[in-house]
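What TrEMBL annotates here:
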type: DOMAIN; residues: 196-435; note: domain 'Wntless-like transmembrane'
type: TRANSMEM; residues: 20-40; note: transmembrane segment
type: TRANSMEM; residues: 204-225; note: transmembrane segment
type: TRANSMEM; residues: 237-257; note: transmembrane segment
type: TRANSMEM; residues: 263-289; note: transmembrane segment
type: TRANSMEM; residues: 309-333; note: transmembrane segment
type: TRANSMEM; residues: 345-366; note: transmembrane segment
type: TRANSMEM; residues: 386-409; note: transmembrane segment
type: TRANSMEM; residues: 415-437; note: transmembrane segment
Amino acid sequence: MGIFDNKQTLLSSLDRKGLIIIGVIFSVLAVLLSILATVFTSTVIENSMDLWRCNNTEKFDSKQCMGYNAFNKEKDAIQYDKVKVHFGYFSRFNYEARISLSAEIKSEELKTQKTFIVPIHYFLGGYSDEEAMKNVDPELTETMNINFECSQKSCKSDFLLKFKADYHFYYFIFQTDNSYKDEIIMKPTLTLMTSNSFFTVTELFWRIAFVCVGSIQLMTFMYCMRTIPIKEWIFEQILTFTLMYILLLFNNPLALIEYQAHHWFFSLISSVVESFAISFFLFYILIIFDSLRKPINKMSTTTLWFKFIGVRVIFVGIIFITLCCFIFTQKVFDIKYLIAGTSNVVLIILGVIVLLIILTYAFWLIFSLIRTFTERHKLGEKSRRVIGFSVFNIVIVFIFIIVLSILLFDGYDASSIYLASIVYFNLYCFAMALLMVKNDKQELSRRSKKFEISHPTEVSMEVNEYNDDDEIIIKEQPEEGILVDEQISL
């Protein structure tokens, strides 16, 4: 049915062994390249600094400690110590950084108090020159109330200072407000998390590599189809050709501009392009999957555009708008790990809609697969190849949906799985472009197969039908005469 009825594609000429070989090659490449893209890269680099800088002591002693007593006053001190920390060197690929704070508390204090608030004043400034940074003593103009929550002597805080690394060096200064009286915090630790420059370079490498490979395959596809006018291409080939173009947009190697410009406009462009590519991919799967059971070339124009394509365009259009808003909102508000929780109402609503869309899409594919199995008797001699190809596609798509769900709710562009999704997306598109390319060799060989029948009536016939095992199907023709086995020669 569909693409299996047309001898114009390589897919229609492959037997079960050929499909299995392509499936195995795809699986091996997907696993190896995904491992290569994720295992050896980490999205962030984390460095921690003990502000006390003491050797195994539970009390700050200025004679033994080399750091700052940030949350406890010395005797007769008028105010708390002013903590000064230098950060750097930041490269252009360390495009984002975050500062967090944690501490400890005495076990006896934990019994009476598990949460407390510490007001601080702070300053964060960036400098291109390290010497210029050391000579400044800025005023602490920013104020924040840090909420500490303790459990088993360990205290976590909600202090999270995010900034874009526009400068090579940064100067962070903070001081506890005198209104804080508890002074029960021990061993405060400052943690700096920066974007891993190696991860950024790796992402750019994969994008540029796939742009080059995709361009070569697109030109190869066009070269193989050069003898057939575009108006004679089957609909699936036109969709595949369009998918290859959209893939080049998805592999946008200029994504670094978004990291460097730090402007919402570039985040919007990136969100629109990637959402459109993902949505078209899901649309492509629906068309290919359902066309196996409903041959597109046998549909009327009204049925094709209004009933078959129109419904899917509306559904995928909803997916595109929702994904675009969901991804763009995460980027603008810099919420990387939605699964950890958020108070952003817009993201919560969009997240619920995305989950409903994912469930609907999965149900659609499962329903189509069930119908393909139940109607396999209508598929004729191609039924086993159609079902095998359907199972291959649905497994691939479900893996992609799982990966996409993890990305959307656990860091869309802040996870190593992001690189794996780029690899996976490209490999599938490459595989489909290979299967949809024109193939004349098998068709010509089949046309040349004729059976010459030695009989006084000089009857000859040409066989044009083959089953899944490429075996010949001979239709009986009683009106042509009766043939004896000894009279038939090949």
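Note that Cβ sites are derived from N, Cα and C of the backbone, with glycine treated the same way.
Please treat TrEMBL annotations as automatic predictions, because they have not gone through curation.
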Could you give the residue numbers and ranges of same-chain residues that sit at least 6 residues beyond the transmembrane segment (415-437) on either side and whose C-beta is under 8 angstroms from one of its C-beta atoms?
3, 9-11, 14, 22, 26, 29-30, 33-34, 37-38, 41-43, 199, 202-203, 206-207, 210, 213-214, 217-218, 220-221, 224-225, 236-237, 240, 243-244, 247, 250-251, 277, 281, 284, 288, 396, 399-400, 403-404, 406-407
Using Cβ distances below 8 Å and needing 3 or more such pairs, separated by at least 6 in sequence, tell me whether the transmembrane segment (345-366) contacts the transmembrane segment (263-289).
yes
Surrounding residues of the transmembrane segment (386-409) on its own chain - C-beta under 8 Å, 6+ positions past either end:
1, 4, 11, 16, 19-20, 23, 26, 278, 281-282, 285, 288-289, 292-293, 323, 326-327, 338-339, 351, 354, 358, 361-362, 365-366, 368-369, 372-373, 376, 379, 415, 417-418, 420-421, 424-425, 428
Going along the chain, which residues at least six beyond the ends of the transmembrane segment (237-257) come within the CB cut-off of under 8 Å?
8-9, 200, 203-204, 207-208, 210-211, 214-215, 217-218, 221-222, 225, 230, 266, 270, 273-274, 276-278, 280-281, 284, 287-288, 422, 425-426, 429, 432-433, 436, 438
